[in-house]
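Before any comments, here is the structure.
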Amino acid sequence: MPGSSCDVQSEAAAPMFCGWTQALGAGQSFFMPHDHHDDHPHALLPPDPALRVKALETILTEKGLIDPAALEEIIDTYQNRIGPQNGARVVARAWSDPDFKAALLADADPVLAELGLYGRQGEHMVVVENTAQQHNMVVCTLCSCYPWPLLGIPPGWYKSDAYRARAVREPRKVLAEFGVTLPESCAVRVWDSTAEVRYLVLPARPEGSESLGEEELAALVTRDSMIGTGLAKVPGEALA
Amino acid sequence: MSICPEVAAPEPVFAEPWHAQVFALTVHLNEAGRFSWADWVERFSATLKRHGLSRELDGGEDYFRAWLETLEMFLAEQGAASRAEAEVMRSRWEEAYLSTPHGAPVKL
């Protein structure tokens with residue numbers, strides 16, 4: 001198997017934060033502007049970090065190091081155009097087309113490139129299939145590496161210390177908190193993403209979906225099912 | 001602590017406009033060749049680790065504060081935007097907000 005992974009039975013990637021006792025680093029102050037009310041004569045003052053971001057943008061723009069239009073384009077892309085619906089299309093296609101699925105599992109990059117689901121933080125993708133014997137779950141213990149072209153920007157919990165530490169240490173417990181309980185006979189494998197390798201879980205095709213077309217199938221594929229903290233919805237299940 | 005979020009309305013991609021802005025700025029600088037993504041990840045994960053020593057980070061506001069701090073340090077180190085430059089420009093923006101009539105566009 002390419003890339004790094006950690007078997008849940010191993011102790012290798014135990015919590016990375018324990019045993020550290022240093023104080024906080026610099027830059028931790030929390031600037032709180034005084035309360036502003038509607039009757040104030042001036043514009044509402046943004047929070048401190050927002051001003052700091054504006055400062056960086058202005059400096060870099062003035063130096064010609066960035067193009068403000070490109071920033072708008074990036075924000076628009078991730079806010080409006082790229083999201084889990086991309087990954088869902090891939091999963092639905094894999095469920096419907098055995099050759100596509102085989103190619104995807106063997107070497108995802110050319111397959112995804114052909115679909116235009118390539119680039120930015122999706123340069124090297126590995127797709128891992130859930131089976132009756134093995135459930136896969138993805139984490140980034142380092143920070144929040146995530147397949148942007150397929151899933152968009154990660155949810156808050158994916159970036160939290162709690163998930164990043166516990167997904168490796170006690171994956172079954174974490175899965176239970178997401179409402180996923182697996183039989184003991186099903187192993188759980190946790191894949192640790194890096195800046196170089198990103199993972200997409202190919203969830204199991206739900207019972208009762210045999211007659212559905214790709215579009216209907218894609219509607220059953222949730223974001224969490226492609227991270228491995230959920231399962232695909234069964235047909236008829238209310239949209240969550 | 002339970003990780004599983006309450007099932008509710010889908011969360012916005014970016015909770016605050018500045019989260020989106022600092023994200024886009026970083027992606028753009030990476031694509032413009034100012035730094036590699038691997039270098040970014042190394043620095044960012046070090047900041048997260050440092051911040052996570054004294055409290056558990058929830059992956060929301062604290063995550064983007066760590067992100068911003070990392071970017072500020074990185075740009076200062078590269079000489080693209082020094083600490084002093086950033087502080088002066090931040091103050092200029094603050095003054096601009098405080099001296100712009102409510103409802104009018106804020107400019108430097």
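Cβ atoms are placed via backbone N, Cα and C, with glycine included.
Unlike curated records, TrEMBL annotations are generated automatically.
For A:Cys140, A:Cys143, A:Ser144, A:Cys145, the entry in TrEMBL reads Fe(3+) binding site. Counted within 10 Å of its Cβ, the other Cβ atoms near A:Cys140 (Fe(3+) binding site) come to 23, all protein chains included.
Annotation comment: TrEMBL describes A:49-229 as domain 'Nitrile hydratase alpha/Thiocyanate hydrolase gamma'.
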| said: So, three-state DSSP: helix, strand or coil for A:Cys145 (Fe(3+) binding site)? | reply: coil
| Cross-chain proximity of binding-site residues to B (CB under 8 Å), evaluated over A:Cys140, A:Cys143, A:Cys145 | A:Cys143, A:Cys145
| said: As a test of the contact definition, list every same-chain residue at least 6 positions from A:Ser144 (Fe(3+) binding site) whose Cβ is closer than 8 Å to its Cβ. | reply: A:Pro154, A:Tyr158, A:Lys159, A:Arg164
| Over the domain 'Nitrile hydratase alpha/Thiocyanate hydrolase gamma' (A:49-229), what is the model's average pLDDT? | 95
| Just counting, how many other CB atoms are there within 10 A of the CB of A:Cys145 (Fe(3+) binding site)? | 24
